[in-house]
Amino acid sequence: MENRWQVMIVWQVDRMKIRTWNSLVKHHMYISKRAAGWFYRHHYESRHPRVSSEVHIPLEEDSKLVIITYWGLHTGERDWHLGQGVSIEWRQKRYRTQVDPGLADQLIHLHYFDCFSDSAIRKAILGQRVSPRCNYQAGHNKVGSLQYLALTALITPKKIKPPLPSVRKLVEDRWNNPQKTRGHRGSHTMNGH
């Protein structure tokens with residue numbers, strides 16, 4: 001019998017970002033309790049040798065978001081692609097599909113964090129409690145409504161420290177956009193080129 005390959009999207013990530021992500025998840029699971037219901041699986045609890053951690057985020061009664069971090073992958077064409085990666089899956093019973101980081105953040109925002117949204121005016125008219133600020137800015141992928149922009153101009157959003165874990169921040173690629181850093185003038189190694 002021949003080998004059958006299964007292809008999946010794995011975002012190449014710096015290992016320090018993975019450590020930061022895991023620390024933020026654990027902090028908000030155990031200390032701040034903002035990520036109540038999330039489940040963290042260590043590398044020694046997985047049967048797959050390349051899995052370094054898994055974070056299971058329940059969404060509805062039988063669906064969840066699973067963020068899996070890998071180590072020991074083949075390195076990429078650049079020096080900093082050191083064999084670390086992240087995959088993001090949406091699972092419901094036996095069905096699995098991969099999602100992009102923006103959609104993952106939106107799903108987390110939708111199920112876990114209250115926000116002033118388009119329906120806030122209707123809620124206020126009905127006498128329901130309306131939150132004047134958003135606790136999870138990473139869940140927004142576009143400019144908010146005029147009402148939201150007016151409210152944010154009136155009430156400054158409160159910064160949460162440490163920040164809530166964002167999947168988009170975890171997989172963002174800052175390496176391919178050269179950033180100028182302070183250093184000697186004309187130094188090609190310091191200015192990102």
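Backbone N, Cα and C atoms are what each Cβ position is placed from, and that goes for glycine too.
Here the structure is a predicted model, which means the values were calculated and not measured.
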Matching range for Swiss-Prot feature annotation, motif 'HCCH motif', among 13-44, 109-140: 109-140
Range annotated as motif 'BC-box-like motif' in Swiss-Prot, from 95-104, 145-154: 145-154
Which listed residue (Thr97, Ser166) has most other Cβ within 10 Å, given these are modified residues: Ser166
Three-class DSSP secondary structure - Ser166 (phosphoserine): coil
Secondary structure composition of the region 'Interaction with host APOBEC3G' (40-44) [DSSP: H/G/I, E/B, coil]: 2 helix, 3 strand, 0 coil
